[in-house]
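The structure appears right after this line, and notes come after that.
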Amino acid sequence: MLPSPRGTPGTTSTHRRRTSTTATTSRTGIATATTSRTGTATATATGTARADRGDQGDGADDERMRGWLGSLGREGGVAMAHGDEVSRAARALARARPVVQYAGFAAIALGVVLVAVGMVGPVGPETGGLGATLVAVGVGLAVVTVLLTVAAPAAGGPTLALASPVRGRWRALNSPTSAVPSHGTHAYGQSYAVDLLNAPEGIEKPEFGSAGSSFLEPSRFPAFGEPVLSPAEAVVVRAVDGCRDHRSRSSWPALLWFFAESAVREVRGLRGMLGNHLVLRLADGTHIVLAHLRRHSIRVPVGAEVATGDELAECGNSGNSTEPHLHLQRQDTADPRSALGLPFTLEPDGIPANGEHLGVRP
């Protein structure tokens, strides 16, 4: 998520959807270990992708899957969501954050109501006092939420190699190569997330702070409408569409407004923060999130199997975004609200640092 000429759609593959309520669909391959340019052990994202109705699967199949992935994790370095490499403390804090956050919201809301009733209603002053106490508790929980998002440890662990989710020349912002957590927070599984902005040569992009740039139509930005590709073989486990693509926030006054409205989007949950988005389950059981997609551009339903390079949607400016871009992250669970962010890299040259350009994918 950011605090930046539409592409020509290619051929979209035919996606298969499971029709049985009990059977599972799988694509079997080989998970292999590779080494990134920094020397970090990585695992390629090929292997077995599963489609389960909801998040439940057949018990025997799940046991075989865990055993297979466990052997690969010991021998090949595959990053597993529940392996020893992942900090238990980091995972516990990630799970606790939404509980604390929504408890704080509820306490503040109820407290404000009680204070108002105590002031104008036919009740005693003790009602207003209780309300003030609840507001104070809610504020305290909000502070704890902030600490959980900023001061919590990162997961670490092996890095999974993914294909680029975009074609052409793109620039990185909020890159995990430059800092972790890359977005200044561990919330919503963003510890190792990266924002990608389209930067084609010969096409000018509106510059932040330039005259008349505060609130621009998303179509003014070259990223808007660009195809978003699957970075690995995977199964679609979540698809959210219908959120509007709003205008940019491309000046300091507009950015101040963005920070104010971010609080409202936070209350709205995943639609407010991620906008239109997809969650893909990978072979190792971890998940990829592709966020801020263009409204009505998602082409795959929940349960669909996708191959590396399949066109899934288009880049947009929905959710908590200042300009059209693609937000990409890897996490352990399918629900970003309680997910733990996990490291990944992009083939062939890795994730570029802030301001640098991604290796071009034809």
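Note: Cβ is positioned from N, Cα and C throughout, glycine not excepted.
Just so you know, TrEMBL annotations never went through curation; they're auto-generated.
According to TrEMBL, the protein carries these features:
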type     : residues : note
REGION   : 1-66     : region 'Disordered'
COMPBIAS : 20-49    : compositional bias 'Low complexity'
COMPBIAS : 50-66    : compositional bias 'Basic and acidic residues'
TRANSMEM : 99-120   : transmembrane segment
TRANSMEM : 132-163  : transmembrane segment
DOMAIN   : 264-332  : domain 'M23ase beta-sheet core'
REGION   : 315-362  : region 'Disordered'
COMPBIAS : 324-335  : compositional bias 'Basic and acidic residues'
Would you mind listing the long-range same-chain contacts of the compositional bias 'Basic and acidic residues' (324-335), meaning Cβ under 8 Å and 6+ residues beyond its ends?
1-2, 4, 55, 81-82, 86, 91, 155, 160, 162, 165-166, 170, 173, 189-190, 192-198, 218, 221, 223-224, 226, 228, 231, 237-238, 245, 248, 274, 279, 281, 286-292, 315-317, 341-344
Is it possible to list how many residues within the domain 'M23ase beta-sheet core' (264-332) are helical, extended or coil according to DSSP?
10 helix, 29 strand, 30 coil
Could you pull the average pLDDT for the domain 'M23ase beta-sheet core' (264-332)?
96
